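Quick look at what TrEMBL lists:
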- A:15-36: transmembrane segment (TRANSMEM)
- A:42-65: transmembrane segment (TRANSMEM)
- A:77-97: transmembrane segment (TRANSMEM)
- A:109-131: transmembrane segment (TRANSMEM)
- A:143-163: transmembrane segment (TRANSMEM)
- A:183-200: transmembrane segment (TRANSMEM)
- A:212-234: transmembrane segment (TRANSMEM)
- A:240-262: transmembrane segment (TRANSMEM)
- A:274-298: transmembrane segment (TRANSMEM)
- A:304-324: transmembrane segment (TRANSMEM)
- A:336-361: transmembrane segment (TRANSMEM)
Amino acid sequence: MSQAASAAIPSSPGAAARLMALVAIAAVVLAVALFAGPRYGLLLLIGLGFGLTLEGFRFGFTGPWRRMILERDASGLLAQLICIAIVASVAFPLLAANGAELKGAHAPIGVAMIGGAFVFGAAMQIVLGCGSGTLVNAGSGNAIGAVALPFFAIGSFAGAYHLTWWTNLGSLPVMVLSGGQGLAITLVGLAAVAGLALMLGKRGSHRLPARYWGAILALAGLAILHLIVAGQPWGVVYGLGLWVAKVVVAMGGDLSGSAFWSAPGNQAQVAASVLTDVTSLTDFGLIGGAALMAWWRAGLASPIGILPARAWVAVIIAGLVLGYSSRLAFGCNIGAFFSGIGTGSAHGWVWFIAAFAGSWVGVRLRPWLGLEARK
Amino acid sequence: MIRAHVTVAMLALLAGFIAFDAMAADPLNPYTAPPMLALGSGMAAAGAHCAAPPPK
């Protein structure tokens, strides 16, 4: 670290700096609410909450799966399942009673969906970040996350561009668990996975650290609020692809060759302000919230680790693959696993199995790609 | 290089993209914005989501 950098970034921000940061964030949220609409301001605030929660409680989706695979530590996976169960317990009745206003993260199971989830699971272990994880990592100063993010966005755009071709390879109709019976099946399924994880996990995995409980309650509360405000569950990857679509169109690109991007709804979203897109706003919030939390607890002064060139090439390729595969899979850990299962989509369960299998491969690829020492 | 440099670069990139979009996209109109809460609005959810099946 250079002396100039050390002087510019105090180890811990003072009270005045913290107050100014909060005032600045409140001003940004208020400006979005005033100029775009109150719903959009609130969604940005919810996104900031997601970022603060994930970075603040050091909670995520990739790390717990890695620890389950390598160390048989099931606690993080257990926390994810409890969080999804809480969300489902509220979301199912809300969706059943307000089907005209609210919608779930419901997608078809298909050949490309399963393959996409498997590849996504492998790639997320290579960069140690899923959809939300890459955004949080980038915001909190992780260079791997920051390098992967633009390529994730490019991959997401390309995956959506070709999505219809991939789904034509073979897809089942959308299958949804709904109502009281659907919720009961979902909760039993989550309990069964939790039981299996505890059975395979090392002793003591059932004892969740306090920070996991904080993350569970905050994430579940924010996810339910997101459904009530946006009318749809939390998602990540659509927004990333949209950003690239906007750049392509601004540079004179033609999206009429893509059934996805030329669909009226997506054309309208490409033309509209990014501040009116649900997933873009929560994505911005994830980055901003993670940055704020990292700065708040003086976590931005640590040096960036040095990696070999082949590791950076692997990060770029993994970023592209993450984006492309998440569109084929109809979501990442958030859109498919967390929100899919939480709102009754059968594809969420299949996604989980395929992505976990992919993660098993990805964990073993990291040392070979120069991203960690070989044992 | 420290983590703060990455965070500052990321936030600057984000701000730059939002500024670029403000110039390229349709202007904002808060008077046509949907109600604050979708629940109870009487309007169908219209936002895009990564789980939405592609158009036929």
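Using N, Cα and C of the backbone, Cβ positions are placed for all residues, glycine too.
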*Go through A:109-131, A:212-234, A:240-262, A:304-324, A:336-361 and flag the stretch with the largest number of C-beta pairs under 8 Å relative to the transmembrane segment (A:42-65).*
A:212-234
*What stretch of A:15-36, A:77-97, A:143-163 shows the most Cβ pairs under 8 Å to the transmembrane segment (A:212-234)?*
A:77-97
*Mind pulling out the one from A:15-36, A:240-262, A:274-298, A:304-324, A:336-361 with the most Cβ pairs under 8 angstroms to the transmembrane segment (A:183-200)?*
A:336-361
*Counting Cβ pairs under 8 Å that are 6 or more apart in sequence, does the total for the transmembrane segment (A:15-36) and the transmembrane segment (A:336-361) reach three or more?*
no
*Going through A:109-131, A:143-163, A:240-262, A:336-361 one by one, which has the most CB pairs that fall under 8 Å from the transmembrane segment (A:77-97)?*
A:336-361
*asked:* Using a Cβ cut-off under 8 Å, which residues of the same chain at least 6 positions beyond either end of the transmembrane segment (A:109-131) come close to it?
replied: 60-63, 65-66, 137, 142, 144-145, 148, 152, 159, 166-167, 169-172, 175, 236-237, 240, 314-315, 318-319, 321-322, 324-336, 346-347, 350-351, 354-363, 365-366, 369, 371
_Can you tell me which parts of the same chain pack against the transmembrane segment (A:240-262), counting only residues 6+ beyond its ends and a CB-CB cutoff under 8 A?_
131, 149, 152-154, 156-157, 159-164, 269-271, 274, 277, 279-280, 283, 323, 327
*So what's near the transmembrane segment (A:304-324) in sequence-distant terms, Cβ-Cβ under 8 Å and 6+ beyond its ends?*
116, 119-120, 123-124, 126-127, 130-131, 134, 141, 143-144, 147-159, 237, 240-241, 332, 369-371
*asked:* Can you tell me which parts of the same chain pack against the transmembrane segment (A:143-163), counting only residues 6+ beyond its ends and a CB-CB cutoff under 8 A?
replied: 116, 127-129, 131, 133-137, 237-238, 240-245, 248, 255, 257-261, 304-305, 307, 312, 315-328, 371
